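Below you'll find the structure, written out as structure tokens, and then a few comments.
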């Protein structure tokens, strides 16, 4: 019996990812303004163990060593984010030269180490000053994002050619303003939240325009999307269950993907929202629906769906024993890397993709020799990549994969207790130790195939 050859395309992009709030630290250094996560984490009861991003991985002072570490691991692509309050401390006003200088140094260090930067303009760290004025629920935040994006692209665009506008609108709007689980911790009305989603989409459109205008030759731009609820996986790959999963995918993603890829909100969404539908000004949808070069997908877990009564989609509950990571939502469903791509392509016509995040929070143990033998994370990554290879083999244009995350880091409301990194961080000493998964991933990159 021949072993399958899981070789990837010659130009496939292998990388690792991080986000400013989660790794940088230095939350008030060199003129940085307060972010909503600085405020949220400093409020008792919001983050596990009272943890804050004040120091995190201290990447602000260790970026050169972190670039060298990536180089040693053969990681040649790094997805990072810019901290908006580090660039414009109050969110709207003059730029902070020292903040821009830091990202100059970071980009230059990456390039000197042979690493291509992939820059996300917004990964949840809204300036607190803008939140004090209403945050994403007010149109002025989207309007403030426009000059911020232009400032960053103008400054870094001579060296950065790959841009992402926003990271995971369903998280920073849905969990931030509807559920209150994430910063700023609000629980607002459906009307207000729907308006917040619209403002985020508008900000995305402004950022696409900024890259087109100021990014220079060869610049490319897309959005990073996640799915809440998680992407739908047909419980059995037969026509009826596939159709049910596809229908539920379209329904649950239409509010965002409809304006982005069809230039309009779905009639089904507008009818269901009624008076809670967002107010759309003339020209908004033209901004939002500007063509992107790719879509980034953050994929961790999916939901199994079947064709229920009358063929209607029915989500299946996970049994208690179903494999999962170290978080209650992290059901380990490798098929999501295939179906997340396939649904987006077939339902909304997305033409090319990067997997901008995938990984697993797991309870790592350090053995007596100081090693972290995270066989579980290695197996999770490998099993998911088998499904991604299937998508590529079937003709879907998936161009790259970024492991989440490079480093153990500040995991939002979970603080430092949950570790996604392929590199272990001792937060007391800032010592970095590559885990087994990092060494495995390094060899995958070197050989461009699964091992």
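Just so it is clear, glycine is given a Cβ too, placed from its N, Cα and C backbone atoms.
According to TrEMBL, the feature substrate binding site maps to 22, 123, 167, 300, 404, 411, 412. Residue 411 (substrate binding site) carries neither a helix nor a strand DSSP state and counts as coil.
In three-state terms derived from DSSP, residue 168 (active site, proton donor) belongs to neither a helical nor a strand segment and is classed as coil. Counting only same-chain residues at least 6 apart in sequence, those with a Cβ under 8 Å from the Cβ of residue 168 (active site, proton donor) are 124, 224, 225, 226, 298. Under the heading active site, proton donor, TrEMBL lists 168.
Residues or ranges marked as active site, nucleophile by TrEMBL: 357. Of all Cβ atoms in the protein chains displayed, 24 besides its own lie within 10 Å of the Cβ of residue 357 (active site, nucleophile).
Residue 167 (substrate binding site) sits 10 Å from residue 357 (active site, nucleophile), taking the C-alpha atoms as the reference points.
Largest Cα to Cα distance within the recorded substrate binders 22, 123, 167, 300, 404, 411, 412: about 18 Å as a whole number. Looking at residue 411 (substrate binding site) and residue 357 (active site, nucleophile), their Cα atoms lie 14 Å from each other. Across the structure, residue 357 (active site, nucleophile) and residue 404 (substrate binding site) are spaced 5 Å apart at their Cα atoms.
Cβ neighbour count for residue 167 (substrate binding site): 24 (other Cβ atoms within 10 Å of its Cβ, all protein chains included). In three-state terms derived from DSSP, residue 22 (substrate binding site) belongs to a helical segment. In sequence order, 19, 124, 168, 357, 405, 409, 420 are the residues of the same chain, not among 22, 123, 167, 300, 404, 411, 412, whose CB sits within 8 A of the CB centroid for the substrate site. Every protein chain shown contributes to the tally, and the Cβ of residue 123 (substrate binding site) ends up with 24 other Cβ atoms within 10 Å.
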